[in-house]
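Quick look at what TrEMBL lists:
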type     : residues  : note
DOMAIN   : C:78-269  : domain 'ABC transmembrane type-1'
TRANSMEM : C:21-45   : transmembrane segment
TRANSMEM : C:82-101  : transmembrane segment
TRANSMEM : C:113-134 : transmembrane segment
TRANSMEM : C:146-164 : transmembrane segment
TRANSMEM : C:197-214 : transmembrane segment
TRANSMEM : C:248-269 : transmembrane segment
C-alpha cells in the first residue's frame with residue numbers, strides 16, 4: 001500500500017515528460033519560417049474553421065462576411081465557431097487542434113501571440129502577395145504587430161471619442177463641446193447637479209478609473225502620454241502621465257472622492273440600457289463608436305453629440321487624436337490549411353466591399369483607408385466623428401507588451417489609489433509602477 | 001492485515017488509485033515541474049530554477065491575494081458551517097412544509113455562480129437597489145457593498161453563504177441519518193430537545209461537520225468566479241459569463257489567490273509563475289488540512305477507534 | 001383547553017415552539033427565494049429594462065422563454081447536459097462507494113495517509129490542473145467530446161469519496177462487525193449493510209454530483225466549446241453576449257431554464273432522505 005503514491009508519481013512523471021515532448025514536437029508547425037504556404041487553386045475544394053468570440057446577431061454578420069469568401073473560392077467550406085475566447089485559442093494551439101483562422105477581441109494579447117509564435121508570422125505572405133500595408137491606418141497597424149513581427153491582421157476597429165449630452169450642456173449655457181481639458185473641467189463642473197443633501201444627481205464628467213471606458217490606455221493619447229521610453233522600457237514617469245492624473249484628481253476633488261464613489265456605485269452597467277449616459281446621469285464621457293448604435297436603439301430620447309476628446313490647453317496639436325483597438329485575426333500555429341487561411345484573412349481585412357458591409361453590419365469602424373472613404377459606408381452625423389478620427393492619422397493603438405494587460409492593470413491600480421488620495425508623489429509613484437512593469441516583462445523573458 | 005483483506009482493499013480502491021494517478025498525481029507533478037520553468041503556454045517550458053519563487057517574494061499583489069484568500073478561509077469556514085448547521089437543524093424540526101422549505105433553501109445553489117453573484121449585485125446595488133431603498137426608509141445609509149474595498153469581501157461572502165444550500169442539505173441528511181433509537185433512549189432519560197441536539201445530534205454528525213469545514217476551506221481557497229464577477233459588476237463591466245477586465249476591483253480587495261494566479265497564467269501568459277503559486281497553495285493548504293483532520297479526529301472520534 | 005388543564009402548558013410550549021420554528025423556516029425560505037424571483041423578473045423583461053434599477057417588469061414578455069429556443073439549440077444542449085450529468089453520476093457511484101467504504105469501514109495500514117491524499121486532491125486550483133490535463137486529452141484526440149468530462153468520474157472523484165466516507169463514518173461500526181460475524185464478505189457487508197444504511201448520504205452525494213456536472217461551466221467550456229454539437233446548457237449563456245452588448249433578459253431566461261430540470265430532480269430526489277430515516281429506524 002505504502003508504495004502506491006510513489007508509483008503514481010513515477011508514472012505521472014513519465015506521462016509529463018511525454019507531454020512536454022509532444023509540445024516540443026508540435027512547435028515545428030506547418031510551413032512556418034520556411035516561406036508561405038501556397039494559396040489554394042480557385043476551384044479547389046477545402047474547408048476552413050474560424051473561431052471567434054462573437055455570438056448572436058454579430059456572429060451572423062461575421063458569418064455572412066466569411067461566406068462572401070466563396071466569391072473568390074466557390075468550393076470553399078467555412079465553419080464559423082463563435083464564443084471562443086483567447087484561453088480557448090491558446091488551449092487549441094497547445095493541444096494541436098487549433099482552427100485555421102482565429103479572431104480575438106483582446107488586442108492586449110498581440111504581444112504574446114506574436115512573440116510566442118502562437119500566431120504565425122504573416123510577413124512571408126505579405127511579401128509574396130505584394131500587399132501594401134499603407135492602406136491600413138498606422139495606429140491599427142501598430143496593434144496588430146509586435147516588435148516588427150506582423151502576426152495578425154485587423155478586422156474592423158473601435159475608435160474612442162467624446163460623447164456629450166446636448167440638453168445637459170445647453171441647460172448649463174454651453175453650446176459647443178469642450179476642446180481643451182480646462183474647458184472639460186469647467187463644463188463638467190457647470191453641468192453637475194447636486195441634490196439638497198449634497199449627494200450627486202448628475203455628474204458632468206465622471207473621472208474615476210476604472211469606469212466604463214475610463215481606462216489608462218484610452219485616456220493616454222489625449223494627453224500625449226506614451227507607454228515606453230525610447231529604449232523600450234516602461235516609461236510612465238513623465239510629465240504627460242502626471243498631467244493626465246492631475247487632471248483626473250482635480251475633478252475627483254471637485255466632487256469629493258466619497259460622494260463620487262457613492263454616485264458611481266449606483267450607476268448601471270456599461271453593457272445594459274441602464275448605462276449612466278443613456279439615463280442622462282453623466283453629461284460627458286469617453287466611449288467607442290459602437291455606443292452610437294446602442295443609444296439609438298436603447299435611449300432614442302437622449303440628444304447627444306460626439307467630438308474628438310479634449311486635449312491639454314498647451315497641446316492643441318493633439319486635438320483629433322484618439323484611442324483605437326479592434327478585432328485581430330491570425331493563423332494559429334499548427335493550423336491545418338495556412339495557405340487558404342491567409343487568403344481568407346486577406347479577404348476579410350482588405351476586400352473593400354466585405355469590410356464596408358461588415359462595418360455596416362456590426363457598427364464598427366472599417367480598418368482600411370479605402371473602406372473608410374467608401375460611399376457605401378453608412379455614416380450619420382455622430383458616427384462621422386469617429387470616421388474622421390480614424391482618417392486623421394493621429395490615432396494611437398493599444399499599447400503592446402508580451403505580458404497581456406499587466407501594464408494596464410498596474411497603471412489602472414495606480415490611478416485608483418491616486419484618485420483616493422493615497423499617493424503623495426505622482427512621479428515617484430509612477431516610477432514604482434515602471435519598475436514593476438519592467439520586472440514583469442523581464443520575468444516573461446521576452 | 002491478512003493477504004485477503006489487503007486484496008479486498010486493493011480491489012475496492014483500484015479505480016480510485018488509477019484515477020488519482022491520472023487526474024491528480026500527473027497534474028501535480030506537472031505543476032511542480034512547471035513552477036521551475038518559464039512557460040508561456042505555447043513554447044516548451046524553459047528551466048529557470050527558483051526564479052518564480054524569488055519573484056513571488058517581491059510581488060505585492062501576491063501578498064495582497066494571500067491576505068484576501070485568508071480572509072475568505074476564516075470567514076467562510078466559520079459562517080458556512082454554522083449557517084448550514086443552524087438552517088439544517090431548523091428544517092429537521094419542521095413538522096410541515098419540510099419539502100418546500102428544503103427546496104427553497106437549496107434553490108440558490110442551483111443558480112450558475114455568475115448569475116447568483118449578479119443577482120446579489122443588483123439586489124445590493126447602492127442608491128436604487130431594493131436593499132438600499134429599504135434601508136433608506138429606515139433612515140440608514142447602506143454601504144457601497146461591492147464598490148467599497150471594505151465591503152466587497154463581505155458582499156462576496158454573503159453570496160457564497162446564500163448558495164451554501166448544498167452543505168445545508170448534506171448536514172440535514174446527516175441529521176436525519178442519526179439512528180432514531182438513540183433519540184428515543186435519550187428521551188426516556190428525560191433529555192430536552194436542546195440537550196438531545198447537543199449530546200446526540202452533534203457528535204453523530206461530526207464527521208459530516210468535518211467535511212463541511214474542509215469543504216469550506218477548499219471553497220475559500222478556490223474562490224474565483226464570484227470574485228471575478230463581483231469585481232467586474234462593481235466596475236460596471238459585467239457580462240453574462242464573467243468579464244475578466246477588472247480583476248480585483250475595487251482596489252484589489254477582491255483579488256483572491258486563484259484570481260491572481262489566473263491573471264498571471266492566462267492574462268499575462270506566465271504559466272510558470274502560476275504553477276509556482278499553485279505549488280505554494282497546495283503545499284500550505286495540504287499541510288494545514290492534514291493538521292486539521294488529525295486534530296478533529298482526535299477530538300471527535302475516539303469511539304471510531306481507528 | 002379547559003378540560004385538560006394539566007396538559008395545557010405543554011401544549012402551549014409545543015405551539016410556541018411550532019410557531020417559532022415555522023416562522024424561522026418561512027423567513028429562511030423567503031430569504032433564499034427572493035433573489036431567484038429577481039432572476040425570474042429579469043427573464044420576462046424587455047431587453048431595454050433588464051439589469052436596470054427598475055426591477056418590476058414594465059411589460060411581461062413571456063415570449064423571451066420562446067425566443068431563447070430560437071436563438072440557441074437548447075434541446076441539443078439539454079441532451080448533452082443530461083448525458084454528461086447522468087454518466088458522471090453513474091460513474092461516480094461505481095467508483096466512489098467502494099473507495100469510501102475502504103476508507104471508512106476497513107482497517108488497514110496507510111489508510112489515513114490515503115485519506116489525506118484524497119482531501120489533498122481537491123486542493124489544487126482547477127485552473128492549473130487543467131493545463132496538463134487538457135494537453136493529455138488532446139494528445140488522445142478526445143477534446144471536442146464529452147469523454148474528458150465523464151471518464152474521471154468512473155475512476156476517482158475526490159469530493160464524492162470524501163463526502164461518502166464521512167457519511168459512512170456516521171454509521172456505527174457495530175453494524176458492520178455484526179454483518180462480518182454473520183459471515184458476510186466485505187463486499188456483501190458493503191452492499192447489504194452499509195449502502196442501504198447510508199442511502200440518504202449516497203442519494204445526497206449522487207445529487208450533488210449530478211447538479212455539479214449539470215452546472216459545470218469550466219469543464220465544458222474547456223473541452224467541448226469548439227464543437228457546438230457537444231455544448232451543454234451551461235455554455236448557452238455565452239450565446240447572449242456580444243462584443244459590446246449583453247442580452248440580460250435572455251441570459252436570465254436561459255439561467256432559469258437550466259435550473260428547472262435540476263429543481264425538478266431535487267424535489268423528486270429529496271424523498272430519498274426522508275425514506276432514509278424510516279429505513280434506519282426499522283433496521284434498529
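Using N, Cα and C of the backbone, Cβ positions are placed for all residues, glycine too.
Given the structure is predicted, the values throughout are model-derived calculations rather than measurements.
Under 8 Å from some Cβ of the transmembrane segment (C:21-45) lie the Cβ atoms of residues 51, 55-62, 64-65, 248-250, 252-253, 255-256, all in the same chain and six or more residues away from its ends. Sequence-distant contacts of the transmembrane segment (C:248-269) (same chain, at least 6 residues past either end, Cβ-Cβ under 8 Å): 39-40, 42-47, 49-51, 61, 64-65, 67-68, 71-72, 74, 78, 81-82, 203, 207, 210-211, 214-215, 233-234, 236-237, 239-241. Against the transmembrane segment (C:197-214), the recorded stretches C:82-101, C:113-134, C:146-164 differ in Cβ pairs under 8 Å, and the greatest number is found for C:82-101. Below 8 angstroms of C-beta separation, residues 99, 103, 143, 148, 156, 158-159, 161-162, 165, 218, 222-223 of the same chain, each at least six residues beyond the ends of the transmembrane segment (C:113-134), sit close to that stretch. Listed as Cβ neighbours of the transmembrane segment (C:82-101) (distance under 8 Å, sequence separation of 6 or more from its ends, same chain) are residues 118, 146, 149-151, 153-157, 160-162, 164-165, 167-168, 186, 190, 194-195, 202, 205-206, 209-211, 213-214, 216, 220, 232, 261.
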